[in-house]
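Some features that TrEMBL has for this protein:
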BINDING   Asn109, His114, Glu119  oxalate binding site
BINDING   His112, His114, Glu119, His160  Mn(2+) binding site
DISULFID  Cys33-Cys50  disulfide bond
DOMAIN    64-214  domain 'Cupin type-1'
SIGNAL    1-23  signal peptide
Amino acid sequence: MKKSVSFLVTVAFMALASFLASAYDPSPLEDTCVAVDEPKNAVFVNGKFCKNPNLTVAEDFLYQGLNIPGNTSNYVGSIVNLINVDQLPGENALGVSVARIDYEPNGQNPPHFHPRASEILVVLEGTLFVGFITSNPEHRFVSKVLNKGDVFVFPFSLIHFQVNIGHTNAVAIAAFNSQNPGIVTIASSMFGSNPPINPDFLARAFQLDKRVVEYLQARF
């Protein structure tokens, strides 16, 4: 067990190191940034307020527990433990974050994209089928089967996914070149929005029967 944990931590740091050389946050770290005239109603954009450097301690730069498996008992059969700036304050202004992803057999990290980051994925255990789709108009599907030790990159803001096609649990580490990469899951965003999107519009957009859209909206 000790050896496995050590390997996991080593690979995570290697993945992060590859991003550190060119890590950046070129755009806002929040979804919206509306101008206000009253400062007391404002929030700090592109990061969080900084602690006095003279008051920083080692714990500000430490997160423990990435070796602990997550609970995959949900409808997608996977769980993502994202360690962003909220969990690890020392990431602030460094443009990096990391995540552990656990998958049960046939579990998936469903189609999604990160509006503020590219992603590099390292498989620690199991076999994953992964892929991404390029932008309009080509919509080229780029995919690969990954095994333990394989590394795959998902380009900035493109839709991508992972599926565990093995017969045992799988584990991967993902690193991002943003302290707050964000995530937009396609199905739950479109069919689970609040308030709901007009089903007539979705039916035409997805070329589906309106009743199918209403069924999907009820699921999310």
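Positions of Cβ are set from backbone N, Cα and C atoms, glycine also.
For Glu119 (oxalate binding site) paired with His160 (Mn(2+) binding site), the C-alpha to C-alpha distance reads 10 Å. Geometry remark: His112 (Mn(2+) binding site) versus Cys50 (disulfide bond), CA distance 31 Å. Other residues of the chain with a Cβ within 8 Å of the Cβ centroid of His112, His114, Glu119, His160, the Mn(2+) site, are Phe113, Ala117, Phe132, Phe154, Leu158, Ile159, Pro181, Ile183. If you take the Cα of Asn109 (oxalate binding site) and the Cα of Cys50 (disulfide bond), they are about 33 angstrom apart, rounded to a whole number. Taking Cβ-Cβ distances under 8 Å and a sequence separation of 6 or more, the neighbours of His114 (oxalate binding site) in its chain are Phe154, Phe156, Ser157, Phe176, Ser178, Pro181, Gly182, Ile183, Val184.
When the binding-site residues His112, His160 are compared by the number of other C-beta atoms lying within 10 angstroms of their own C-beta, His112 comes out lowest.
The most crowded of the recorded positions listed here (Cys50, Asn109, Glu119) is Asn109, judged by how many other CB atoms sit within 10 Å of its own CB. On a Cα basis, His160 (Mn(2+) binding site) lies 33 Å away from Cys50 (disulfide bond). Close to the recorded oxalate site, the chain also has Ala99, His112, Phe113, Ala117, Leu121, Phe154, His160, Ala174, Phe176, Pro181, Ile183: residues not among Asn109, His114, Glu119 whose Cβ is within 8 Å of the site's Cβ mean position.
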